[in-house]
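J.: Just dropping this structure here.
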Amino acid sequence: MVDHLANTEINSQRIAAVENCFGASGQPLALPGRVLLGEGVLTKECRKKAKPRIFFLFNDILVYGSIVLSKRKYRSQHIIPLEEVTLEPLPETLQAKNRWMIKTAKKSFVVSAASTTERQEWISHIEECVRRQLLATGRQPTTEHAAPWIPDKATDICMRCTQTRFSALTRRHHCRKCGFVVCAECSRERFLLPRLSPKPLRVCSLCYRELAAQKRREEAKERFRGSPGQLTHLGSTMCGASSGDDDDSDEDREGSGDGDWPTQVEFYASGVSWSAFHS
């Protein structure tokens, strides 16, 4: 699937075309041995709503971005190393079909394809690439994954206190640990989550208590072992309450300018396959 395409002219041309579409805002993608295996449009469930995104499957990375002009211009490039990826198929419902979750240690999100066949093609190709990449690097599959953010529209009230009702004046926030939609009062705390960011992140009150308790247990074990020099003080990871706002709107900025795209139903109404895999 990979070897006969590596270092070929057609593969170089395909990768160069992807780089050109992202332009100066994207990172260089051409590397010795890297192969572009597939590409297509999937619907990504973002914080505000589901939006079409362009995806490119390479033998070692998964790349996706926002669509400005189909097959000509993309932006907001994201690169995910495949050895960090785990897939989770999601059950079908009347409102949501052909969905699966892409899980990594830093970010997890839900995507859907135009058809069951296309969904299965994406899943099988990604899983095969992940298997080969883990074999090549000798790494073990990732067992800890970031929680996917629950979409804003899923609830009108805080999912922790169940009392605060969201409005134009009372905004939603997301706990970076559990992904719940919470109010400002229920997410005043910050905690260092090294897998997600070098800076302390917003967490809900429940996750904060659990994380703080876990940290205290870890420090108690270190003290019991008699290794005070190796202690990481609780204060370095627990940052307490903060009235300042953090970045809750990556997807909103990423998706700005998508207003010209049709809704999810219209986008897939033609029944045309929006993905292609190279062999």
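The backbone N, Cα and C atoms fix where each Cβ goes, glycine too.
Straight from Swiss-Prot, here's the annotation block:
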{"type": "DOMAIN", "residues": "35-131", "note": "domain 'PH'"}
{"type": "BINDING", "residues": "Cys158, Cys161, Cys183, Cys186", "note": "Zn(2+) 1 binding site"}
{"type": "REGION", "residues": "219-264", "note": "region 'Disordered'"}
{"type": "COMPBIAS", "residues": "244-253", "note": "compositional bias 'Acidic residues'"}
J.: Report the residues of the chain - excluding Cys158, Cys161, Cys183, Cys186 - with C-beta within 8 Å of the mean position of the site's C-beta atoms, for the recorded Zn(2+) 1 site, in sequence order.
T.: Ile157, Met159, Arg160, Thr162, Gln163, Thr164, Val182, Ala184, Glu185, Ser187, Cys204
J.: So for Cys186 (Zn(2+) 1 binding site), how many other CB atoms are inside 10 Å of its CB?
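T.: Result for Cys186 (Zn(2+) 1 binding site): 23 other Cβ atoms within 10 Å.
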J.: Enumerate same-chain residues with a sequence separation of six or more from Cys158 (Zn(2+) 1 binding site) and a Cβ-Cβ distance below 8 A; give 'none' if the list is empty.
T.: Thr164, Phe166, Val181, Val182, Cys183, Cys186
J.: Among the binding-site residues Cys161, Cys183, point out the residue whose Cβ has the most other Cβ atoms within 10 Å, with all shown protein chains included in the count.
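T.: Of the binding-site residues Cys161, Cys183, the highest Cβ count within 10 Å belongs to Cys183.
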